[in-house]
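TrEMBL annotations:
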DOMAIN    35-117  domain 'GOLD'
SIGNAL    1-25  signal peptide
TRANSMEM  177-199  transmembrane segment
Amino acid sequence: MNMNRRLLSTFCALVLLQLLRASEAFIVTVDAHNEECFFEKVEGGTKFGITFEVIEGGFLDIDIKITGPDNNVIHESEKESSGKFTFAAVSTGIYRVCFNNERSSMTPKLVMFSIEVSDAPHRPAGAPSEEEVGHTKLEDMIQQLSGTLTGVKHEQEYMHVRDKIHRSINESTNSRVVLWSTFEALVLVLMTIGQVYYLKRFFEVKRVV
């Protein structure tokens, strides 16, 4: 019973450690006619992922480009509002993620993004013992659970951002509807007053002196 509790405590501690080491979300402003790049050192054989969302500015779109250590283009797309890309790093080196807003004439874009790099696989040399196999399975389970929890955390953050964006759009639309309705009511009142005045003048009896 005590052994199970120790294993459970160790498992929870390792999961928390993995979560603390997980990537955080960042927010960057990309000015018009400008490009912002971010660099991450990744070891070969690990997974490298980027998740982003344009939360403010223009039509909520931006160009993204991901390049490897040899300046080879891994991914490139234009006018993306959001995206999630994951791939295996073939070689060890510096990977670059660039957000390009050169197409915009005057509107800066606010981009929320996160870069996630999984731990490099470590396997002991030679035939693993039964204990090492158990530890390896536990580590794999922890990494898998950590990745899932990190994904859930990022999805919650992006859902919160989307909620703010949609709320802002709804409030802006409601304000415009109210202003337009007020303008229509004002025009209707002015037309009514004008028609009453015109009819009154039309039916007036003009006296000849």
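Note that Cβ sites are derived from N, Cα and C of the backbone, with glycine treated the same way.
Listed as Cβ neighbours of the transmembrane segment (177-199) (distance under 8 Å, sequence separation of 6 or more from its ends, same chain) is no residue at all: none.
For the domain 'GOLD' (35-117), the model's average pLDDT works out to 89. Across the range of the domain 'GOLD' (35-117), the DSSP-based residue counts are 0 helix, 56 strand, 27 coil.
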